[in-house]
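Student: My questions will all concern the structure given below.
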Amino acid sequence: MNKAVFFDRDGTLNEEVYYLHKIEDFKWIEGAIDAIKYCNDNGYLAIVITNQSGVARGYYQESDIMKLYEWMNADLAKHGAHLDGIYYCPHHPTGKVKEYAIDCDCRKPKPGMLLKAQKDHNIDLKLSYLIGDGARDVECAEAAGVKGIRYRGGNLHQALTEGMI
């Protein structure tokens with residue numbers, strides 16, 4: 001079985017931007033690339049777990065999320081790092097786009113994205129971590145039996161490694 005570090009995206013890996021979906025608006029948080037590389041170098045899968053209600057609200061498409069993810073991995077490759085996967089929830093109960101306007105099992109704090117990643121990547125959740133800037137991230141981790149680390153700013157690599165102790 002594998003172990004993983006699950007990363008929230010907005011406000012954790014990248015600076016918070018209102019409904020981020022454009023590459024030109026993306027800016028890595030200090031220490032984010034080093035945190036991902038640390039996972040790569042120490043036997044942890046690095047997986048993004050992110051709520052993306054902008055799809056349900058009609059602000060952008062799922063294809064925009066994937067283009068940004070591909071760009072993130074290309075940028076990480078320049079530093080010898082990579083993400084092993086991305087799981088996103090495009091839903092929101094009050095969304096404008098009908099097919100996404102649902103109360104789903106994948107929207108954090110529900111653990112659906114973690115459980116899907118566990119199945120897809122054969123992950124031992126008890127040996128894994130989730131780091132995110134919101135209470136819903138820690139709640140999601142706890143619901144799945146993963147250790148949650150609340151990121152409160154500063155260097156992400158340092159916050160991750162201190163939280164893993």
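Every residue gets a Cβ built from N, Cα and C, even glycine.
So TrEMBL lists the following for this protein:
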- Asp8, Asp10, Asp133: Mg(2+) binding site (BINDING)
- Asp8: active site, nucleophile (ACT_SITE)
- Asp10: active site, proton donor (ACT_SITE)
- Thr50: site 'Stabilizes the phosphoryl group' (SITE)
- Cys89, His91, Cys104, Cys106: Zn(2+) binding site (BINDING)
- Arg107: site 'Contributes to substrate recognition' (SITE)
- Lys108: site 'Stabilizes the phosphoryl group' (SITE)
Student: So among Asp8, Asp10, Thr50, Asp133, all listed as recorded positions, which is physically nearest to Cys104 (Zn(2+) binding site)? Use the C-alpha atoms.
Tutor: Thr50
Student: Can you give me the residues near the recorded Zn(2+) site, meaning same chain, not Cys89, His91, Cys104, Cys106 themselves, Cβ no more than 8 Å from the center of the site's Cβ atoms?
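Tutor: Once Cys89, His91, Cys104, Cys106 are set aside, the remaining close residues are Asn51, Pro90, Ile102, Asp105, Arg107, Lys110, Gly112, Met113.
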Student: Whose Cβ lies within 8 Å of the mean position of the Cβ atoms of Asp8, Asp10, Asp133, the Mg(2+) site, other than those residues?
Tutor: Arg9, Gly11, Thr12, Leu13, Glu16, Thr50, Gly132, Gly134, Asp137, Tyr151
Student: Which recorded positions are spatial neighbours of His91 (Zn(2+) binding site) here, meaning Cα within 10 Å, out of Asp8, Asp10, Thr50, Arg107, Asp133?
Tutor: Arg107
Student: Which chain-mates of Cys89 (Zn(2+) binding site) that are at least 6 residues away have a CB under 8 A from its CB, listed by sequence?
Tutor: Thr50, Asn51, Gln52, Ser53, Cys104, Cys106, Arg107, Lys108, Gly112, Met113
Student: Can you tell which of the binding-site residues (Asp8, Asp10) has the fewest other C-beta atoms within 10 angstroms of its C-beta?
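Tutor: Candidates: the binding-site residues Asp8, Asp10. Fewest Cβ atoms within 10 Å: Asp10.
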Student: Other than its own, how many Cβ atoms are within 10 Å of the Cβ belonging to Asp133 (Mg(2+) binding site)?
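Tutor: Excluding its own Cβ, Asp133 (Mg(2+) binding site) sees 21 Cβ atoms within 10 Å.
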Student: Given the binding-site residues Cys104, Cys106, which one is most crowded in terms of C-beta atoms within 10 angstroms?
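Tutor: Per the Cβ count within 10 Å, the most buried is Cys106.
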Student: Is it possible to get the count of other C-beta atoms within 10 angstroms of the C-beta of Thr50 (site 'Stabilizes the phosphoryl group')?
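Tutor: Step by step: centre on the Cβ of Thr50 (site 'Stabilizes the phosphoryl group'), count other Cβ atoms within 10 Å, giving 22.
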